[in-house]
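Student: Have a look at the structure that comes next, please.
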Amino acid sequence: MLADMCVGVYKAAMNYEIRPHEFSFNTQESLFTGLGLGFLAATAVVASPSLLDLPITAAEVVRIAMRAGILLYQKSQDLEQLSLDSSLESWTTVVRGLDESIVRGELEKFNKSMETPPSSRIYISVVEPDGSVFISGPPSGLREFFNKSGKVQSAPRAPLPVYGGPCHAAHLYDRTHTEWVVSKVNPEIASRRLSGHPLVLSMGDGQPLAGENARDLFESATYVLLTSIIRWDSVLAAVKKLPHWKQDTKLQLETFRPSSPAVHGLISAVQSEYPDCTVSVDDLGDWIIDNSLEPPTIPIDSRIAVVGMSCRLPGGSDDLQRFWELLEDGRDVHQKVPGNRYDVESHTDMTGRRLNTSHTPFGCFIDSPGLFDASFFDMSPREAGQTDPTHRLALLTAYEALEYSGYVPNRTRSTTRDRVGTVYGQCSDDYREANAGQNIDMYFIPGNYRAFAPGRISYFFKFSGPSFNCDTACSASLAAVQIACSALIRGEADMVVAGGLNILTGSDSFAGLSRGFFLSKTGNCKVFDDGADGYCRADGIGSIVLKRLSDAQQDNDNILGVILGTATNHSSHAISITHPHAPTQEHLYRSVLSQAGIGPHDVDLVEMHGTGTQAGDAAEIESVTRVFSPPVPRRSHPLYISSVKANLGHGEAAAGITALMKALLIFQHNAIPRHVGIKTALNSKFPDLERLNVHIPKETIPWPYRSNRKRYVMINNFSAAGGNTSLLLEEPPVRPDPQGPPQTRFVVALSAKSTTSLRRNLESLITWLEGNRSARLASLAYTTTARRMHHKHRIAVHGASVAEIIQALHQRGSRAELGLLVSKPPSVAFIFSGQGSFYAGVGSQLFKEYPPYREQLQRLDEICQQNGFGSILPAITDTDADVSQLSALVTQLTTVCVQIALCRLWRTLGVKPAVVIGASLGEYAALYAAGALSASDAIFLVGQRTLLMQKLCTANSYGMLAVQGSVDDIRRCVQDRTYEVACINAPRSITICASIKDIVDIQQSLVSQGYRSVKLNVPFAFHSSQMDPILDRYEEIAKAVSFRSLQIPLISSTLADAAVQSRSLVASLFLRENTRAPARFAEAVAKAQDMGLVNSHTVWVEIGVHSTYSGAVRATVADLQAIVPSLRSDETNWHTLAVSMCTLQETGVPLDWNEWYRPFEPEVRLLDLPSYRWDLKNHWIQYNGDWLLVKDKRPRTDQISAATPSLRTALVHQIMEESFRPDGGEIVVQSDVMDKEFFAVASGHKMSGRPLVSVFSYPDIAFTLARYMYSRLKPESPLPAMDFGQVRVLQGLLPRKDRSKPQWVRMRMRADPQCAALQLSISGLSDESSRHVEEKLASGVVRCGDRQSWQDEWADYAHLLTTRIVTLQQMAENGQASRVSRDLVYTLFKNIVDYADHYRGIQSAVLHGLEAVADVILAPSNDSRWTAPPHHIDPITHVGGLVLNAGHATDHHNTIYVMEGWKSMRFAEELVAGELYRSYVKMNPARDGSGFFVGDVYVMREDHIVGKVRGMTLRPLPRILMNRFFDPPDDGDGLATQHIQPHDLPQVQHQPSPTTDSGPDDDPKDPNTGPLTPEVDLPVAPSVEKANTKLVRGALALLAAETGVEPDGLTDETEVSALGIDSLLSLVLVEKFATELQVNIQSSFFLESPTIRELKEYLTASW
């Protein structure tokens, strides 16, 4: 019906638009009426003085119709709830062939015999001229009526499609409803005078509607619609009696349904009375199929609001505040290309002679582009590392921009996920070409191709709107904004996340732009400078959130700026494609200004494209001055011009979005920052800017808001490909200060996806609040609850002031468990309590100050009054009332109505119960909540029952006593008094009934024996024999009501059981039992637990006037998670709800905070709070070497040369590849572990009886390769001393048991031209499908040094070392330290490592705590093919292992210590066999508390230090795991290594990264000296005891290795989805499980296992 009415009004408007001359009506010649909602449509035309007024009047009438529909729906739900899954049932049936009087008599008889509640009566709603009668009422009542009324039952009848609820019902509606429906009409329309307007005849009695203005007309029409029986014959009679008629009157009917009986009846009636009257009928319905009318093509409002933004920009501008500070400080942040991009020295040649080099070493760069929170975005570290950092930072900034905008999915129409799009500009993808392309892996395509950048955002946030990646070169991001605006204006989306992306990692674009003469060789963009010599490339990531302005205002968003227009054109007439063209730019500006309706002189600031090129700056200044500041007419206000590129460089695809964000910050800070691009003098090609009133700000210029002049900024963003994009930005609209809602206590919520981020979020909010103590608490609460996305780790606090919130947050921060973890939303149970705790003014504060609750109670109060029970509102509003003077009828009805209203409130707030339970009187509200009873039925039953009590029972003759004791306790204590058990709430919470005299004696007896008891303030003893007189009569009354199907399970305290279906329950019998039988609450809850309806994780919400059942539930449900009250008598309503909502928020119950704040949203604001604090780790594939320079010029060595290699030692075998160039060199060597000499090295060093290659073999490899490369790169220079440091041991190298096939190890060393640092990586090779796969074993760096300087340094403290050694030896002599012989040393060692004889160099040792000194004599070598023999390096240094694995300072019985690595190893002279050396060490626990030990080993010959191993690190390993770690594979071609892991790293790096912390001797400038990230394959300590199997450990190790997640992160509660296992990675894991674990599983297994715990349990149970 509503749709018909809307169409009707619209059709009328369109019809008269075509024929405007016909829109002329007056009292003498025009007459209107209508049926149903069509009656309201008629009032829209009558209330419109002219055709121009009709659209806005029609819109108001549509709103009236909507509110009327809402009222009908509410009434239908009160009378008979409609469940979501139930079919629609008609509220009206037409009966033909019976006189109205007969039907009315049958209705009266039925309603009386059935004792139908007054509000549920069946009634007549329409009487047609042919005698047909429309009978209306609740569908269940209609069915019952037609089944029992013989006369009507036999008459022809048909249900009508009336599903909206009861209408034309005077017993249900009155003038208050009419006033509510019309109350929101626009005052300008409502006050419109209607003198001389045409008549509107009532469809009830045919009388003209009275009223002096439009509001009166609307109210009268609505009242007729709601209350009057439609009698069309009365309308016809009234029409015939009008004084307008003459014999030859012409009647013109305009109708939408000319064939309807009503129209035919009208024509027949008129022509029978006036035969000469001619009738013409205009069928306005033809318009429906008329396609000649085209919809308007110009939108009413094309203004676009920017509501959120975020950035990652150079110069440390990782957020908007730092960006503004950079602008305000006037910083120029250009720098040399950092080492994490490429080696700037080797890839730059300012002469341009060297192939593929850049001419400039400069750029502007984001500090740490690899930082990313992979787990937040459900990405594995493996996928994150292979994903372009532009994509990752797009995700981060998109989230921050959405957070800034207050985005919550589906909160409003404009935030519906299906209507949100993403558009990003991007013109390069260096990471794909230079970084990820070095080792192409499974995520190469989705991780690097441009389309995936916006697509990944849409996928993560589940946006279904349009997603575009836009490339227009340098103007890509502003072009993306234009696309976004167009999508919004055209209605293709309601919100768009847009931005620009640029991260520079490769040298190719630098080289290409250099050779195209785009780039400056001297530094940053010198915008407007006379010496401008090109632009400076820059990183840039920016994201903004866009909405239509009207939507943003409706959503209560913070509007940062308004885009009035944007356009793009192309410089097709330029002299070349890359050359700018001023006339084309000029045309573009005028187009944008015209689009916005703004004059050029209204614009006071132009944010220029300003690349700092001679051609670009000159063309742009020409076009700008011609349009915005021509000589004539001269501007009256200054025009300021500037460019952000002077600060941050040219961000290329991100340039436009950077300029836009700058302009938005200018509005925020009311100032224009100074321009820093002029380094020498103003460009001499510029016109006289002073004369044109054009100014370049040389200092920060205040630019405040003015009420009489709006601020506009034109933003230019031009493309090297010839495109020009401009955007006109208007300052945000001014909003009045909010007054704030009436609440006195508010909830502030925090959440995160990890505990690390949660703590950081907490700390940042505390810091912000301490600096903003004047912040509005209501807005703070609104921002953190209604305008935030909530994650699984949660904190919620409440307070009445900001100071209270700060204190509460500090208290939470001091807890060991910071917040609650919500793995999934818990189930919710509603408890409806009884009536024993009633008090005056129950819920009065909520009623007075929270409109939705008040409206619910007012609706319920109407039902009370319609049933003749009177109003309950005085008992709520009068807080000083004497409860003892209130009747039982009032208290019981108030209790039930409050419970129903609270139930509706909680449901509106998103708290949906999975099960409900009622106690005593509360069972009525529980039946309502479960769907068995309507609100009207519940109120009717409670009211009738209470009236019977008041009539048939004597008030206050019986009493009820709540006892803290068991039934047996009471029986034992009370033996001489008669009582009945009324309620068993918990095993030791019993309510009994007795006569007043006995109840007093019983209470005294219980108290005397130590039992607490409370007499309930109730006039009757429910569930006792006092109820017997009312039972039969109440059962009869209750037969008028039938239970409907339960929508949710009901735990019945009457039945002490859980009802899932209500079909077996007879309402009258059940309600009789509820009145008389004891309420067995505890048994019911226990039964619900047995049935699985509730458990310890269920959150209980008590709905009643006070919290009375929390103790009972806790006594019955073990380990109860939470129970919260709705109201309490001892605290304010706001306090109770705040505490309860805190608990619900923390436990994960979905709360619709937006709905909570909806009534007061205009009075709160979205605050600019600190953004989400990420748990960042560095995911970065470092570009290594020079392949971008040499490309295919490098010599290939695909086949192993047959010639004798030029390098061969025991450990270094075949040269696979070598290249030596002016910019450095690289060598790749391959060795066979199964080679006799190599295997002998491993055999001399066994762990768990298995050969293991000593890590002290690696110095020999490192020094051998380093000397070889040095001699090749610097053949004329003598070999220097060398230091092998930054060694990280990633895996142990164990020879396979099967020695029949080779086991390859590959060594790769890279060197810079000066050989200052030679980087070594050692990897094992496995053969997977004939494809060699490398797994890194160790890494380190050889540095060249000066032997003499080392000796000079050591000489300064050699005497101190000697003194300490002497002291230790004296302590050994005195028994204060332990002296250990050679045999005992290696006997002790044998528990861990079994050394061959030539490794056993220690002759004796002295141990004291973590300190030791050893005498060492090195064994001779059998041949000379060693550079640093392992059997020399190992014994000279393994004194550190002796201290930890054999001394008394550590628990070496349960723990062993294995080598992790060292920072530096240097020897000032060669070690000589047979010489006596002395090794000293003191190990110290690592400062980070990891259990690692670190120490320096000093090697002395006589009194001189000849060597030092600095920072030698050993890690602990449980001794029980030795066999697992050092048990090599039996066969196969796979890599025969077992993973031994170092401690957790602060970052995840996928190649050497300069962000790794360096030691004091490390060269921080070298980009290739960072440690390599270990593969992760540690055993994870089991937390599920039954899952501690080899299979589970292997599975977890595989998961860790393939996802890149740290093993410690694989806890039982870890969600598999958070590991980033997608469909692609799941296929890899399936293959790995099959080949390595011999377990065959489906790929969906990883996508369907929620947590690691379930994964473990599945594996344990299945295998």
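Glycine too: its Cβ is placed from the backbone N, Cα and C atoms.
The active site, for beta-ketoacyl synthase activity annotation in Swiss-Prot covers CYS474, HIS609, HIS650. Residues or ranges marked as active site, proton acceptor by Swiss-Prot: HIS1245. For ASP1434, the entry in Swiss-Prot reads active site, proton donor. The annotation domain 'Ketosynthase family 3 (KS3)' is assigned in Swiss-Prot to 301-731 on the grounds of sequence analysis. Summarising the annotation, Swiss-Prot assigns domain 'PKS/mFAS DH' to 1213-1523 and lists sequence analysis as the type of evidence. Residues or ranges marked as domain 'Carrier' in Swiss-Prot: 1586-1663. Residues or ranges marked as O-(pantetheine 4'-phosphoryl)serine by Swiss-Prot: SER1623. Annotation source Swiss-Prot lists region 'N-terminal acylcarrier protein transacylase domain (SAT)' at 19-168. Residues or ranges marked as region 'Malonyl-CoA:ACP transacylase (MAT) domain' in Swiss-Prot (evidence: sequence analysis): 830-1149. Annotation source Swiss-Prot lists region 'Product template (PT) domain' at 1209-1527, citing sequence analysis. Marked as region 'N-terminal hotdog fold' by Swiss-Prot on the basis of sequence analysis: 1213-1349. The annotation region 'C-terminal hotdog fold' is assigned in Swiss-Prot to 1376-1523. Per Swiss-Prot, the feature region 'Disordered' maps to 1544-1580.
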Student: Around the Cβ of HIS1245 (active site, proton acceptor), how many other Cβ atoms lie within 10 Å? Please give the count over every shown protein chain.
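Tutor: Within a 10 Å radius of the Cβ of HIS1245 (active site, proton acceptor) lie 22 other Cβ atoms.
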Student: Between CYS474 (active site, for beta-ketoacyl synthase activity) and the residue listed as 'active site, proton acceptor', what C-alpha distance do you get in Å?
Tutor: 61
Student: Could you give the Cα-Cα distance between the residue listed as 'active site, proton donor' and HIS609 (active site, for beta-ketoacyl synthase activity), in whole Å?
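Tutor: If we compare the Cα positions of the residue listed as 'active site, proton donor' and HIS609 (active site, for beta-ketoacyl synthase activity), the gap is 64 Å.
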Student: Measuring Cα to Cα, how many Å separate HIS650 (active site, for beta-ketoacyl synthase activity) from HIS609 (active site, for beta-ketoacyl synthase activity)?
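Tutor: Rounded to a whole number, the Cα-Cα distance is 9 Å.
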Student: Name, in the order they occur in the sequence, the residues of the same chain whose CB lies under 8 A from the CB of HIS609 (active site, for beta-ketoacyl synthase activity) and which sit 6 or more residues away.
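Tutor: Result: CYS474, GLY616, GLU620, SER643, LYS645, ALA655, ALA659, ASN716, ASN717, PHE718.
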Student: What's the number of neighbouring CB atoms sitting within 10 A of the CB on CYS474 (active site, for beta-ketoacyl synthase activity)?
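Tutor: Here the count is 29.
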Student: Please work out the mean pLDDT for the residues of the domain 'PKS/mFAS DH' (1213-1523).
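Tutor: Across the domain 'PKS/mFAS DH' (1213-1523), the average pLDDT comes out at 88.
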Student: Which state, by DSSP, holds HIS650 (active site, for beta-ketoacyl synthase activity): helix, strand or coil?
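Tutor: The residue in question, HIS650 (active site, for beta-ketoacyl synthase activity), is strand (DSSP, three-state).
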Student: Indicate the candidate from HIS650, ASP1434 with the smallest number of other Cβ atoms within 10 Å of its Cβ, considering only these active-site residues.
Tutor: ASP1434
